[in-house]
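Taken verbatim from Swiss-Prot:
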SITE      E145  site 'Essential for proton translocation'
TOPO_DOM  1-15  topological domain 'Lumenal'
TOPO_DOM  37-58  topological domain 'Cytoplasmic'
TOPO_DOM  80-98  topological domain 'Lumenal'
TOPO_DOM  120-137  topological domain 'Cytoplasmic'
TRANSMEM  16-36  transmembrane segment
TRANSMEM  59-79  transmembrane segment
TRANSMEM  99-119  transmembrane segment
TRANSMEM  138-158  transmembrane segment
Amino acid sequence: MSYDLETAEHAAYAPFFGYMGAASAQIFTVLGAAYGTAKSAVGICSMGVMRPELIMKSVIPVIMAGIIGIYGLVVAMVLKGKVQAASAGYDLNKGFAHLAAGLTCGLCGLGAGYAIGIVGDAGVRGTAQQPRLFVGMILILIFSEVLGLYGMIVALILGTS
């Protein structure tokens, strides 16, 4: 059986899309995690000048941003395990499903990391001035984190079906 670029069902380039899905899951979630970590860390450093005793309590946004990168790692490893050679029956349908899974996880992670960074920065600065804001900041951070979790769940459903 020969595989050429004209064969629609088992195209030789189908695994490319699957690997692009795995790569995009990792790349975009790590970009979101990096932004969230950096933005939150700037707020922690600014707050630490006024209230150094609150630094350890304010590390929560940085930890939550780092978890976003783990979501991408999980999805990328699952997708990598599902991609096969075109000669083994890997078709364009699977390739596009894996690309969609990777983009779903990656872009949800990017948005979640962005939200965590902004909320974390403003939240730790506000908590330094008014400690009652801490609970509200944590709730908003949880809602932001769940956006990345939703993306991972949808990506796992797309990637394993």
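Yeah, the Cβs are placed from backbone N, Cα and C, and that goes for glycine too.
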Structural state census, the topological domain 'Cytoplasmic' (120-137) (DSSP three-state): 15 helix, 0 strand, 3 coil
Residues in the topological domain 'Cytoplasmic' (37-58) grouped by DSSP into helix, strand and remaining coil: 19 helix, 0 strand, 3 coil
Same-chain residues at least 6 beyond the ends of the transmembrane segment (16-36) whose Cβ lies under 8 Å from its Cβ atoms: 61-62, 64-69, 71-73, 75-77, 79-80, 82-83, 90, 92, 94-96, 98-103, 105-107, 109-117, 120, 148, 155, 159
Composition by DSSP (helix, strand, coil) of residues within the topological domain 'Lumenal' (80-98): 13 helix, 0 strand, 6 coil
Neighbourhood of E145 (site 'Essential for proton translocation'), C-beta criterion under 8 angstroms, separation at least six: M64, I67, I68, A112, I116
Same-chain residue ranges lying at least 6 outside the topological domain 'Cytoplasmic' (37-58) that approach it to Cβ under 8 Å: 65-66, 116-118, 120-125, 127-128, 134
Model confidence over the topological domain 'Lumenal' (80-98) (mean pLDDT, whole number): 90
